[in-house]
Structure formats: structure tokens, C-alpha cells
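Asks: One structure, pasted below without further comment.
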Amino acid sequence: MARPKIALIGAGQIGGTLAHLAAIKELGDVVLFDIAEGTPQGKALDIAESGPAEGFDGSFKGTNDYADIAGADVCIVTAGVPRKPGMSRDDLLGINLKVMKSVGEGIATHAPDAFVICITNPLDAMVWALREFSGLPHEKVVGMAGVLDSARFRHFLSLEFGVSMRDVNAFVLGGHGDTMVPLARYSTVGGIPLPDLVEMGWSTQEKLDAIIQRTRDGGAEIVGLLKTGSAFYAPATSAIEMAEAYLKDQKRVLPCAAYVKGALGLDGLYVGVPTVIGARGIEKVIDIKLNKDEQAMFDKSVDAVKGLVEACKGIDSSLA
Ligand code: LMR
């Protein structure tokens, strides 16, 4: 049986990390695309040369030609510009929207059957634009956000409780921005919801509130430390988890920026929600029930995403 083909659009820090993870996990043959000449070729060769020591096989191609992504099963899009200290993700909207246009057209022409995972910021608006520019089915185009935000939440909770990250589950909903909604009620340590853990005296509401805020600021915390760009290990790992769920039909329940029409009272918007990912792409959006406070936070986040989508339409008239 032919190995799956994984096209990585953008060969920067995240693209290179994605390629290396896909190689180590032997998810398939990797094509690393970038407009910068030499970068994808150099990274692809470097990764191939790490194969003998790590013990993986596969084909690794670096390219500047969209034709080389032909027939890809999965495309992961990181093309565009990351933010620097002092910037918000939304500041990248104008510049990255132009990039999404050429990427969307490239995917539509050469890999129209792919499952497309977008990582470029501002995430929810960029995945919407990428879907519009590519014309692919909504269930095959998704944004990587909730998996990353939830992973950060899980990490901080594991530090607070002094337990393995494997025993911490957490959900972050809403847009991948300052208004994201870490859901304490649906997050658990060893299956016990966070509010119950507070009641049991294992932590305090103040400590959990600080963790929730740190989760919201998680991307900015890394940007502030790196100074020259944004996070890449955790974003790449999160996207690979989604790609693997699709390629192996794992039916994973993962929070992603998915197209929501009907669930959570939404009428057609890309925003972070719990989904089921399997061989058909986004196979289900879970219509999670929110209490009054959670709903108010989610509504605020939805409004922020809607504002960014409108801004995209204002910049590119073909989207209006
Ligand atoms: C992240 O959350 O790490 C990414 O969205 C990058 C960023 O700019 O924060």
C-alpha cells in the first residue's frame, strides 16, 4: 500500500518541526514547500539524513513548486508571518490573508482531496479564508488551535496538581485569541472536574483563575521569551495529532477551529469547538452545553472572530 503523502506549506520553524515529527512517527512521505529557495530543500535533506540514526524510512522532498504537493492526503499550512513581542495575532491579518490566497489556490489546484490543517494566525480568520480561497469542503479544512490551547492548559494544571499530564484532560473553546474560553467545568484531573477539586481543597479558585489566564496568554508568553518569533514545538505537535487522527481514522475527540453550522447556536463560522476527527475529516462537531457564564465568554469570543472575518472581507473583495 502506498504511504500517505503529507504536504507542509511553509518551511519555517513550525514547518521543519512538523516534517521531523511526521518522519519520526512514520506518518507518510513528506513534501516541504516554501517560496524561499533552498530552505525547504535543506530542511528536507537534513531530516532525511537523521533517518538512519533514528531508524525511520520515508521520502522527504523540499520544493518551491506547488505541483510537488499533487495528490497530498494531508496539507498542513504554516505559511505566513509569526508575531513578534508587542504584536497581537490580529496584527498579522492583512499580510497573512494574502499568503492564504496563494496557498488556497495552490491546494485547490494540486491537492483538492487533502485534509487541510491551518496553523497560520490569526487562526480562526485564516482558516476561514483558506477554506474560501480553496473551495474545499468545510469538513476537510480545519484550524489547529484548541489542541494547542488545551495542551497548554493541561501542562499548567499538571504542574499545579503535581500529576502526570496524561491524567489531565482540558478543553479550551472559542477563538484562538485573547478571548479564548478555557472550560474548567469540562476539564479534569484523573476524571475529577476542576470545580470539584477546588471543593476537595486540592487547589484554590484563585490558583485556577491564574492558570486559566496563563493559558489565554500562552502564545504571548512564548513570543515574549523567544523575542524573534512564536512557539513551534507545541503547535507542530498539536497539528500532527490532528493529522494522525485523520490518516488513521482514529475518531479522536479534539478541540479544533472547525466550521460550525447548527451546533452551539452558530450559523456558519470557524471557531474552536470539540470535534471528532476521523477519515472523513471533521466527522462531528460536539454540541457542548454551556452555562450562562461560559456562554457569555463564548459569545464574546465568537464576536471577536466574526470581527476578524469581516476585516478579511474588507481587505479582499473576492471574499465579500
Ligand atoms: C501560539 O499560540 O503559540 C501561536 O498562536 C503563535 C502566537 O503568535 O502566539
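A Cβ is built for glycine as well, from the same backbone N, Cα and C atoms used for every other residue.
TrEMBL does not curate its annotations; it predicts them automatically.
Relevant sequence annotations retrieved from TrEMBL are reproduced here:
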ACT_SITE  HIS176  active site, proton acceptor
BINDING   GLY10, ALA11, GLY12, GLN13, ILE14, GLY15, ASP34, ASN96, ILE119, THR120, ASN121  NAD(+) binding site
BINDING   ARG83, ARG89, ASN121, ARG152  substrate binding site
DOMAIN    5-143  domain 'Lactate/malate dehydrogenase N-terminal'
DOMAIN    148-307  domain 'Lactate/malate dehydrogenase C-terminal'
Asks: By DSSP, how many residues in the domain 'Lactate/malate dehydrogenase N-terminal' (5-143) are helix, how many strand, and how many coil?
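Replies: The counts are 69 helix, 25 strand, 45 coil.
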Asks: Sort ARG152 (substrate binding site) into helix, strand or coil using the DSSP assignment.
Replies: helix
Asks: In the structure shown, which of the recorded positions ARG83, ARG89, ARG152, HIS176 has the fewest other Cβ atoms within 10 Å?
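Replies: Comparing Cβ neighbour counts within 10 Å for the recorded positions ARG83, ARG89, ARG152, HIS176 gives ARG83.
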Asks: For HIS176 (active site, proton acceptor), which DSSP three-state class applies?
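Replies: Going by the DSSP assignment, HIS176 (active site, proton acceptor) belongs to neither helix nor strand, so it counts as coil.
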Asks: How does the model score the domain 'Lactate/malate dehydrogenase N-terminal' (5-143) in terms of mean pLDDT?
Replies: 98
Asks: Please name the residue among the binding-site residues GLY10, GLY12 whose C-beta has the most neighbouring C-beta atoms within 10 angstroms.
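Replies: Output for this query is GLY10.
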Asks: Tell me the Cβ contacts of ASP34 (NAD(+) binding site) under 8 Å, same chain only and six or more apart in sequence, or just say none.
Replies: ILE9, GLY10, ALA11, GLY12, GLY15, PRO40, GLY62, ASN64, ALA79
Asks: Relative to ligand 1, which of the binding-site residues GLY12, ARG83, ARG89, ILE119, ASN121 have a Cβ found under 6 Å from one of its atoms?
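Replies: Once distances to ligand 1 are taken from each Cβ, ARG83, ARG89, ASN121 fall under 6 Å.
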Asks: Taking the Cβ of ASN121 (NAD(+) binding site) as the reference point, list residues of the same chain whose Cβ is under 8 angstroms away and which are at least six residues distant in sequence.
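Replies: The answer is GLY80, PRO82, ARG83, ARG89, LEU92, ASN96, HIS176, SER230.
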Asks: In angstrom units, rounded to an integer, how far apart are the Cα atoms of ILE14 (NAD(+) binding site) and ARG152 (substrate binding site)?
Replies: 17
Asks: Give me the count of other Cβ atoms within 10 A of the Cβ belonging to ILE119 (NAD(+) binding site).
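Replies: Other Cβ atoms found within 10 Å: 28.
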Asks: Over all pairs in ARG83, ARG89, ASN121, ARG152, the listed substrate binding residues, work out the largest Cα-Cα distance in Å.
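Replies: That value is 19 Å for the farthest Cα pair.
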Asks: State the Cα to Cα distance, in Å, between ARG152 (substrate binding site) and ILE119 (NAD(+) binding site), rounded to an integer.
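Replies: Counting only the Cα atoms, the answer is 16 Å.
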Asks: Suppose we draw a 10 Å sphere around the Cβ of ILE14 (NAD(+) binding site). How many other Cβ atoms does it contain, all chains included?
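Replies: Its Cβ has 27 other Cβ atoms within 10 Å.
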Asks: Would you give the longest CA-CA distance, in whole angstrom, between residues of GLY10, ALA11, GLY12, GLN13, ILE14, GLY15, ASP34, ASN96, ILE119, THR120, ASN121, the set recorded as binding NAD(+)?
Replies: 17
